[in-house]
Amino acid sequence: MCSEAPLDVERLMADLGQGCYLEKLKPRKKHKRKYFLDYKNMTVYYEGSKRKKVQDTKIPISKIKEVREGEKEYAKHLQDLNKSKCFTIILGNSHKMVYLLTDSEEMREKWVKALRYAMQLEQLAEQKNESNKIVREAFNKADLNGDGHLDFEEVLKLLKSLNTDIKKKYARVMFDEADKNKNVGVSKTSVLDREEFVEFYNRLTKRVELEDIFLKFSNGKGYMNIRDILGFLRDGQKIVDANEDQCRNIIDQFEPEGRCKKSDLLSVDGFRQFLISEREQLFNPSHRVVYQDMTRPMTHYFIASSHNTYLAEDQLRGPSQVEMYISALKKGCRCVELDCWDGPDGQPVIYHGYTLTSKILFEDVIRAINNYAFQASPYPVTLSIENHCSVEQQERMAQIMTSVFGDKIWSTQTDLIRTPTPEDLRNKIIIKGKRLPSITERDADVSDEDEAADIPNNETSVNNNKTKRNSKIQKIKLSPALSKITSMKSVGFKTLEQSAQPDSFFSVVSLSESKVERFIQTNPLELNKVTHNRLIRTYPAGSRTDSSNYIPMPMWVHGCQVVALNYQTGGKAMQLNQGRFMDNGGVGYVLKPPFLLSEERFKFVTGNLNRSANSMRNVKLTIISGFQFPKPKNSQKGEVIDPFVKVSVHGVAADEAKFRTKVIQNNGFNPRWYETFSFKVKVPELALLRFTVKDQDPGKDDFIGYYCIPLSSIQEGYRHFPLYDKHDNIYRQSLIFIHITISSA
C-alpha cells in the first residue's frame with residue numbers, strides 16, 4: 001500500500017486524526033467512543049471512558065499484528081450487527097482482539113486502509129532500526145498525562161520501567177542538562193519537550209562498548225575513513241571480500257551528519273546505526289530468503305508441523321479456536337492437524353475427541369486456512385485429517401474443501417513416478433488421510449489409527465457417559481469423495497522394515513513420541529531408512545495432556561521430517577523449532593544436511609561417522625552486553641531485574657553443551673558481561689545455538705527472552721540479535737551484543 005498513492009492515504013490518516021465515533025463490541029453490548037488515529041505518535045486512542053487511565057486507552061501501531069475486515073465473534077449475540085461495517089484489530093502476544101463497528105462501509109474501509117498503511121510504515125521503521133521510533137515509544141510510555149511534556153517524576157518512572165537502577169542524583173543532572181528551553185509544566189516544575197527528551201534519551205542510551213570498538217578500528221580518531229571501515233569489515237566482521245564501494249555505501253546509508261558524508265567519513269553515531277542494522281545482525285540476511293534447492297523430493301526436507309492445531313490451551317478442557325490455525329500458518333507452519341467429528345445440522349466440527357475441549361466448525365477452519373495458507377510461504381500446506389466422521393459428514397467435508405480451495409487442492413489418482421517436490425506443489429493444499437483402494441467406487445472400511453487412543457483412559461474419561469475406545473486400531477467407513485481429494489496417504493505402522501519399502505503412492509507414517517524414541521535407542525538405522533522413501537510424522541505422547549512438548553532435536557537428527565509440536569505452548573521445544581525454521585526464508589521447509597540424504601547417513605545414525613576436522617567447527621563466543629531487556633510479566637512495580645545469559649548448543653548428543661554468564665545486579669537496561677566461551681561442534685549442519693536471558697530470583701529464575709539460530713546461519717564478528725518472548729513475539733528493542741568467530745577444527 002505504501003506505493004499506492006501514499007499522499008492520499010496520509011491525508012486519510014490525517015482526517016482520522018480528527019477523530020470519529022466507533023462502537024467497541026463486547027459480548028451482548030456495545031460501547032460508543034470517539035477514536036483517533038495519531039499519525040505523529042503512531043497510536044490509536046479513544047475518548048469517552050472516565051474510568052480508564054490515558055495509557056489504557058492507547059493502542060500503539062507497533063502492537064497491532066493484523067487488521068481484519070468483518071466480525072463474527074459477537075454476531076450471534078448482537079442480531080443487528082452489520083458485518084460489512086465491522087473490523088477487528090488483533091494485538092500481539094496473546095492475540096487479543098478489539099472488535100469495532102463503524103457507521104458505514106465507507107468508514108470501515110477508511111480505517112482498515114489507514115491502519116494497514118500505518119502498520120507498513122511501522123514495519124519499515126523497525127527494519128531500519130530507526131532510533132527516533134524507539135525514542136518516540138519511550139516518550140509516549142513516559143507521558144502519563146498525555147500533555148506532550150515530561151516532568152522529572154515521569155522521567156524517573158520511565159527509568160524504572162526501562163530496567164535501570166540509575167541514581168536519582170545522576171538522573172537529575174542528565175535531566176537538567178537536557179532541559180535547554182527551561183519549560184515549565186502545569187505543575188510549575190521543569191519539563192522536557194520531545195526534542196529535549198531525545199537529548200536526554202541519547203545520553204541515557206550511550207553505548208560505551210560500541211565506542212570502544214569504534215576507537216579501536218579508527219585508531220583513536222573521532223571518525224572512521226574508508227580505510228578504517230574496510231579494516232573493520234575484514235578483521236572485525238570477517239568479511240574477507242569487503243571492498244571500498246561497500247564502505248561508501250555504509251556511509252551513505254547510516255551516517256547522519258552531512259559534513260561527514262561529503263568527506264566519506266563515518267561518525268560514532270553512524271557506526272552505531274550501522275552495527276544495529278538488520279544487515280549486521282547475527283542472522284545472515286541471505287538466509288532471510290529462500291536460498292536452498294526446492295526441487296528435491298519432499299522427503300528431503302524438515303517440515304514445520306503443528307499437533308492438534310486447533311487447541312489454544314490443554315488437551316482435555318481448553319478452548320478450540322480458528323485463530324490457532326491462523327497463528328500457526330503465519331509463523332510458517334506447513335502441516336496443520338484437523339480432528340474431525342460429526343456435528344449438529346450435518347456440519348462437521350473440530351475438537352479433541354473424548355474430551356471436554358470446545359468445538360469449532362470445520363468450514364470455519366477451512367476458510368481460515370484458505371485465507372492464510374500462503375501468506376508466510378508459497379510452499380505446500382498439508383492438512384492432516386484425523387477422520388471420525390460418518391460417511392455423510394465426510395461427504396460434507398469433501399464438498400467444503402472442494403468449494404473453498406478449488407484448484408489449490410493437489411490431487412492425484414495415479415501412482416507416482418517420483419515423489420513431488422515443494423516447488424512442484426507451490427500454493428497447493430495437500431490433504432493427508434486414509435484412501436480407498438483405486439478400484440473402490442463406494443464407501444468402504446479402512447483402518448483408523450487414532451491419536452486420541454494414546455491418551456491414558458483415566459485422563460480421557462472426563463465424562464463416563466461418553467463413548468470410549470475399545471482398541472487403538474478400529475475400522476471406519478471412508479467416503480469416496482473424501483478419498484478422491486486425499487493425495488498424501490496415511491499408512492498404518494507395522495514394522496520399520498515394512499515401512500522402509502518404497503510405496504507407489506505419496507505416503508506418511510505417524511509415530512508417537514514414545515515409539516520413535518524407542519526406535520532411536522534400539523534401531524536408529526532402520527528408522528532412518530524409512531525417511532529415504534516416505535515421510536515420518538511424529539507427535540507428542542497422549543500423556544502430555546497439559547500440551548507440553550517433547551524435544552524435537554533427536555527426531556531431526558534421525559531424519560524424521562514432520563515433527564509435530566503443540567504450537568500453543570512456549571518453551572525449549574518451540575524455541576528450537578523457531579530456530580530450525582527461521583532458516584531458508586522462514587518458509588517452513590528446510591533441506592536436510594547432505595549426510596542425512598546419502599549413504600553416509602547409515603554411518604551417522606549408528607555412531608560410526610568419522611568426520612574430518614575440516615567438517616567440524618571451533619566456536620569462540622563473547623557475550624559483550626545487553627540493551628533494554630523487558631521485565632518479567634510477574635515483576636513488582638519498580639523492580640529492576642538481575643539478568644544473566646544462558647548459552648546452549650543443541651544437535652547430536654556429542655555437541656550438546658551449556659554455558660552461562662555471571663549475574664549483573666540491578667541493570668536490565670544496559671548490562672555488560674564481556675565473558676568468553678569456546679567449544680567444538682562436530683556436526684555443525686544440525687547444530688542450533690540458543691540464548692536465554694533470565695532474571696535471577698531467590699526462588700525460580702524468571703524467563704526474560706530467548707533467541708535461537710542455526711549455526712550455519714550465523715554471521716561472524718560483532719553482532720546484535722533481538723530477544724523473543726515465550727510466544728515467539730519479537731522484542732525489537734531488546735538486544736544482546738556479542739562477538740563470535742567460527743573456524744575449522
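Every residue gets a Cβ built from N, Cα and C, even glycine.
Annotation comment: TrEMBL describes 15-120 as domain 'PH'. A mean pLDDT of 81 is what the model gives for the domain 'PH' (15-120).
Same-chain residues lying 6 or more positions outside the domain 'EF-hand' (130-165) and placing a CB less than 8 Å from one of its CB atoms are 41-43, 53-55, 58, 60, 62, 122, 171-172, 175, 183, 185-187, 189-194, 197-198, 200-201, 204, 273, 628-631, 638, 640-641, 666-670, 733. Sequence annotations record features per position, and here TrEMBL assigns domain 'EF-hand' to 130-165.
What TrEMBL records for 485-596 is domain 'PI-PLC Y-box'.
Sorting the domain 'C2' (605-725) by DSSP state (H, G, I as helix; E, B as strand; all else coil) yields 7 helix, 60 strand, 54 coil. Here TrEMBL flags 605-725 as domain 'C2'.
The region 'Disordered' annotation in TrEMBL covers 440-471.
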Q. Residue counts in helix (H, G, I), strand (E, B) and coil for the domain 'PH' (15-120), per DSSP?
A. 28 helix, 42 strand, 36 coil
